[in-house]
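Have a look at the structure below, then the notes.
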Amino acid sequence: MGDTVISVRGLRTQFGAQVVHDGLDLDVTRGEILGVVGGSGTGKSVLLRTIVGLNAAREGTIEVLGSSVPARSKAERERLEGRIGVMFQDGALFSSLTVRENVEVPLRRIAGLAPKTQSELADLKISMSGLPYYAGDKYPSELSGGMRKRAGLARALALDPEIVFLDEPTAGLDPIGAAEFDRLIHGLSRSLGLTVFLVTHDLDTLYAVCDRVAVLAEKRVLVTGTLDQMGRVDHPWVRQYFDGPRARAARAPKEG
Amino acid sequence: MTKSLPQIETRDEDGTQVLRLLGAVTVEGLPGLDRAFRDVSAAQPVRIEFGEVSRVDTAGAHLVARLRARLEAEGQRVTLEGASAQTAALIDTVAAAEPVAETEPVPERGIRTRIAGIGARVAGGAAFAAELLAMLGLVLSRLARVLVRPREFRLTALVHHCEAVGVQAVPIVALMAFLIGIVLAFQGATQLRQFGAEVFVVDLIAISILRELGVLLTSIIVAGRTASAFTAAIGSMKMREEIDAMRTLGLDPAMMLFVPRVLALLLMLPILALIANAAGIVGGGLMAWLSLGISPPMFATRLVESTDVANYVIGIVKAPVFAVIIGVVGCNAGMRVGGNAESLGRQTSSAVVTAIFAVIVADAVFSVLFAEIGI
């Protein structure tokens, strides 16, 4: 595996008196798909938001692509912008813009890009995310949940980031849609060389796409490793999670 | 990962155009490449060399794929040379994913569509008026049901809204009326002094505030404060499907949301108008004392002698009507909010404008009515 693109050391996040993470360490290497799992309320989404700089950490250091988060200078922040993409849980599309305009928003940063090329690129990203052509002219409120997620992914990928953060990409999708989304993420990651930081509850997604899994529990990353290694971890929560009936069902097609 | 802009070198080699790309063919360098690629003619075969390329992203791949598609459509051969397996795969992936534009029908432009547009707007206005009437009917029918079945009524919500609509509006309403009283006394005194009729400033203040300004200005302030708050609260509930959730749980949104709000306005607006009347007269009296030397006892005597109590009744009788208008307009605008944040903003501002406009229209109707019956 290649170099480390995300490195978190001794992270502590806190809301008032409630400590979410304490002494959390995590490394993500280039080109891998890392799945972050954990029970509800263990701070998976908070971890994602902290790494992309939306939450301030109380203690600890975060480095993304060699820049510290939060950025110490304007130049440093600009260096990072465009190199990471975030897809929020429900797409977080701007509701007053059409899908195409949503995808064009990050492209506007590129000075001198002809409007025609800009909308061509947006159409390409929309199509690569598996949306039909007519979806570009629609407003987010006119799309189904699954289509909104795809549009959110298209916007996150607009500038060809090196890392994408996905927050529960398959939550609320039907099994067919979720499986398609898994294939999409896997295919895009491999063909574009993307690093993917994936927060999920979906065991099928974990088994279908993730190279490595990080388990959040007890306010830190309890264990990281491949899915095979997870089966040998001796911790009650991890065992219950990866050895439960649903995990066995998700694993079955891979082994069979 | 340098952000060096890509370079492009063009040369001619045995009748083949050779485009040699250097550097990172990524979205940052796209504008320059885009222009260079548009100038490539289809007169000769083209070879694109990738030997010196450090990185290609989908935007760069898109340009290459587009150039290839364009030249091949004109019957020219394009070869890619020196591309790594990953780059070649990326270009193929992008070429396969290129969307096929679907032509959409261009809307017809002309006198017919304009007239149709005017007609649609008129019909929309009529439909909106009908909607407001329907909302009024809904609220009235639910109010009637409260009389029959008082247990369905939500007293806590009513008290809460009374506080938000009434108590919290007292300072702004009182201050506004106090200042209006001062302005009226000052302007009236300047004019009436010319005729030596300073003492009539008391009649001027009392009649104008009690009969018109107190209740009208209070209603305008309440329309700005409360109609927008109703729209925002109900509209955001509509946006997050809370109202649909209520319906599936067998709760009546009209009973839960509209009745407490409209009833709170109905109870509070007359009280606010009364406070505005008092504050306006105090302001006017103060100014009359300071600038005209009409002492407070003299002001009070003149007020009681010359101002008929009918003026007060005429003013305050309008308050419940204005309250219902503001409440109904606010709730209705909330229910018109669609699925996005923009429509919430649009409906909120439209609620304020509609409420103020409707209050002023109703006030004009009252004026004509009272003039006709001669009071």
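Each residue, glycine too, has its Cβ placed from N, Cα and C.
Any TrEMBL annotation is an automated prediction that lacks curation.
Features as listed in TrEMBL:
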- B:6-92: domain 'STAS' (DOMAIN)
- B:122-144: transmembrane segment (TRANSMEM)
- B:164-185: transmembrane segment (TRANSMEM)
- B:192-210: transmembrane segment (TRANSMEM)
- B:258-289: transmembrane segment (TRANSMEM)
- B:309-330: transmembrane segment (TRANSMEM)
- B:351-371: transmembrane segment (TRANSMEM)
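For the transmembrane segment (B:351-371), the neighbouring stretch richest in Cβ pairs under 8 Å, chosen from B:122-144, B:164-185, B:192-210, B:258-289, B:309-330, is B:309-330. Proximity of the transmembrane segment (B:192-210) to the transmembrane segment (B:309-330) is established through 3 or more Cβ-Cβ distances under 8 Å for residue pairs spaced 6 or more apart. Of the candidate ranges B:122-144, B:258-289, B:309-330, B:258-289 contributes the most Cβ pairs within a distance under 8 Å of the transmembrane segment (B:164-185). Cβ atoms under 8 Å from those of the transmembrane segment (B:309-330) belong to residues 132, 135-136, 139, 206-207, 210-212, 214-216, 218-219, 222-223, 226-231, 234, 258, 261-262, 265-266, 268-270, 272-274, 277, 351, 354-355, 358-359, 362-363, 366, 370, 375 of the same chain, restricted to positions at least 6 beyond its ends. Counting residues per DSSP class in helix, strand and coil order gives 36 helix, 32 strand, 19 coil for the domain 'STAS' (B:6-92).
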